[in-house]
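Working notes, structure below.
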């Protein structure tokens, strides 16, 4: 959006020129410019030209060339505005605190605002940012030769500063070259993120499918192991919960059987010990019987063993 220049007659008789409705590339909202004045801007000391931003932000400006001739269709007394070449570098000097409290223009801003004055590099001495050489001023007219805005520059240079967005084009003049953005805006692409999410979702679904298949296989194996489930027909539609319930009952029965068998095994061990003791006693008695028979033969006695079964 290009700035609109306005002239207003104040009570003291001085003419105050303001630029308003300026939008930068970063801030789309319009800002008012009103608080900068150059000591050598106008030939007339009563005319004050100031710039100021309402929110105290940075103001972008462009350098264009002003020719002294007239174009076809222009009114008399109006200068022609042409685009300044983009390839030609224009170094500008920035002077801070160009005003004093005596000659400053009253604005709505606070007293703590920082004021800047822009001078071309050709008009600034080496190493000094606040002094200008005495030279003629190149001016551009917008309403007529009466409202001339100038900047202390050598003759023929014809540059001045326009507070506007780089993408906007001045109306009423020839086309000018606009420098492209140094960092073009590129919207973030959501395609990689969508592809990554779909791939992650597919992997998750594959893992879940494998887990369900394993669980189903284990349940089928349980149904084959449990006697009650194996006897039932597959057409009955035995549920997984029913198979698991019968598996739990079968496991409980197996545990009880194992406990009962362990108790019986302990009883068998005890009987085995008792049997060993009795066997040892029988062997001892047999040995004593043989000794007694031997003694009886030694004394001439015949031992007759009678069978009770006869």
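Placed from the backbone N, Cα and C atoms, the Cβ positions cover glycine too.
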*Of the residues 224, 246, 306, which is given the SUMO2 cross-link tag by Swiss-Prot?*
306
*Which listed span Swiss-Prot calls region 'Disordered', if the choices are 1-26, 27-52*: 1-26
*Measure the Cβ-based neighbour count of residue 306 (SUMO2 cross-link), defined as the other Cβ atoms within 10 Å of its Cβ.*
6
